[in-house]
Amino acid sequence: MTTPKKTAKTSGNEARELADLSEDIGICFKYPNSERVYLQGSRDDIRVPLREIRQDDTYTAQGTEANPPIPVYDTSGVYGDPAAHIDLKQGLPHIRTAWLDERGDTEILPKLSSEYGIERAHDPKTAHLRFNQITRPRRAKSGSNVTQLHYARQGIITPEMEFVAIRERLKLDELSQKPEYAKLLEQHAGQSFGANIPTHPDQITPEFVRQEIAAGRAIIPANINHPELEPMIIGRNFRVKINGNLGNSAVTSSLTEEVEKMVWSLRWGADTIMDLSTGAHIHETREWIIRNAPVPIGTVPIYQALEKTGGIAEDLTWDLFRDTLIEQAEQGVDYFTIHAGVLLRYVPMTANRLTGIVSRGGSIMAKWCLAHHRENFLYTHFDEICEIMKAYDVSFSLGDGLRPGCIADANDESQFAELHTLGELTDKAWKHDVQVMIEGPGHVPLQRVKENMTEELQHCFEAPFYTLGPLVTDIAPGYDHITSGIGAANIGWYGTAMLCYVTPKEHLGLPDKEDVRTGIITYKLAAHAADLAKGWPGAQLRDNALSKARFEFRWRDQFRLSLDPERAESFHDETLPAEGAKIAHFCSMCGPKFCSMKITQEVRDYADKQKAQRQGMEEKAVEFVKKGAKIYS
């Protein structure tokens, strides 16, 4: 195996940065007035994290009313636990090791299986960049299948399935029995477009999870070499998830930046992370990320394979790509984007497009097909890819290499031809019991978004859909987190299981930490809006709690319950910075005399007073009649 012919220049301070890599990057996760809570499963080592936001009391003329804590889904892992000791150089605790050992269908390999992995492990030039706590990789024993889909089809409920059932339920079954939550748990009926959305938290059971996985409608991306993972589920009949991208490039960003960006993404709520690195030290960057990631990590293996050829697509080979798959699988990558649906005969269909082929992976494979005038080797070797995937339980994210790059190209012949091929490949992967999700567009005008979901459900047999947006207009560079967030909320409502975030830098440059924050918050909004629209149990709880806090002028609770407490408070404090303003019954928008909510409260107080006066008069009238109705005695 040869080393890459070209690599980007890296910072001369990389080694020093790694040596100084802060142990407290994650300790800064001090969510305001929040508490980390663990929900206990059927065994001691199933401890499912959530965050509870504590609220202040409400003070009224009638006395004090306690407001209960609000549970929220938490992706921050140990970084959100104030009691945890975090050392990025040591990696995260291995919470799944006992589960893997007990199943008895994997083995610890004596060494790495990938030629390139072995080469990197013994290269003295990368010694200063290596994560030093690497353990030997696992692989399925000969004849064994270790995927969550395989277990589900055998009727087995794994600890991972129980974990995600508890996580999705968010103890709402318990709260629904408590009177203080009765009003807060009220919500509008959703429209699910035929999805099998649970109607009550009690229905979100480990058996329900198993059934959804067995049917192929959901996946738990959980590589057996990622024991640090806190399991999560991606499926139409569960909470809508979001993915955050990171990765260095040939022109900018360093290894340490990507590790910090990953941790930063978790703080704001990324459910999964895709490492899209295309620059130097891809292998080492990925190792640091996975060892410190409590969420699933996805990659596009063709990017690294291309780096190994010096960026020459024509030089790609099946053997090189196969070695890259094994290399990444043994590091612990949980899902691979594989552009196996870009077929030779589809490439000419893109000739009349306004923007042609915009997917990096799609363009790489299209160029290879044309250069060799042969069928895509990812398609012709698909069964062999499945054999690798099921040996490590890596999930497919079947790539949309022919997705539209502008709304003019949306829903065209080439896009849907590829989608239909992805359905064919889904069926083939399922015969190997390999988990599958389907990637989708892209750029689609709003009126044509639903058609994408309909086509995917029909031709890909309800495998989870994973979409990039879609962007519903092309006129807003710098604001594409908004143009795509609009499409994302809609397609999430229609049934998309996971939304890939878009940052303000889309089409313009590599995002920095603030861009990542903005992208994730925007997509948390879109996913939550979709959950509300499809009627996910308890989805409206946080909305109701925040609305109540707003009406009662509990400013601090408004900040705490928001998706971005820091930004909400900073915007408030720009005009009313005094501490007393946080208990004032008005804001700078209307002022004290014109606040609609303050006026409404005064009207209610007046009405209550009038009601009391009327009641008093009525009582006096009754007393007067009882005494004989005489004016003078």
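Sequential numbering from 1, following the chain as shown.
Placed from the backbone N, Cα and C atoms, the Cβ positions cover glycine too.
Substrate binding, as stated in Swiss-Prot, involves MET274, TYR303, HIS339, SER359, ARG360, GLY361, ASP400, GLY401, LEU402, ARG403, GLU439, TYR466; the candidate among ASN237, ASN245, ASN248 given for that site is ASN245. In the three-state DSSP reading, GLY361 (substrate binding site) counts as helix. Taking a C-beta cut-off of under 8 angstroms and a sequence separation of 6 or more, GLY361 (substrate binding site) has the following same-chain neighbours: VAL300, ILE302, TYR303, THR337, HIS339, VAL342, GLY399, GLY401. A Cα-Cα distance of 12 Å separates HIS443 (Zn(2+) binding site) from SER359 (substrate binding site).
Taken over all pairs of the listed substrate-binding residues (ASN245, MET274, TYR303, HIS339, SER359, ARG360, GLY361, ASP400, GLY401, LEU402, ARG403, GLU439, TYR466), the Cα spread reaches a maximum of 20 Å, rounded to the nearest whole number. For the binding-site residues ASN245, GLY401, HIS443, TYR466, counting C-beta atoms within 10 A of each C-beta gives the highest total at GLY401.
In this structure, TYR303 is the one among the binding-site residues TYR303, SER359 with the smallest number of other Cβ atoms inside 10 Å of its Cβ.
Counting every protein chain shown, the number of other Cβ atoms lying within 10 Å of the Cβ of ARG403 (substrate binding site) is 27. Secondary structure at ARG403 (substrate binding site), taken from DSSP and collapsed to helix, strand or coil, is coil.
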